[in-house]
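Asker: Just lifted these from Swiss-Prot, have a look:
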- G11, A12, A13, G14, Q15, I16, A17: NAD(+) binding site (BINDING)
Amino acid sequence: AKPAKRVAVTGAAGQIAYSLL
């Protein structure tokens, strides 16, 4: 579980959630 990968996934999810808002 590389931190960079987790950040990338979180960032993508955040962008999607923001778009839905």
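Each Cβ is built from the backbone N, Cα and C atoms, and glycine gets one as well.
How about a rundown of where these features are and what they're close to?
Answerer: A12 (NAD(+) binding site) falls within a helical segment according to DSSP.
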Asker: Return the residues near I16 (NAD(+) binding site), defined as same-chain residues 6+ apart in sequence whose C-beta is under 8 angstroms from its C-beta, sorted by sequence, else 'none'.
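Answerer: When sequence neighbours closer than 6 are ignored, I16 (NAD(+) binding site) has nothing within Cβ distance under 8 Å.
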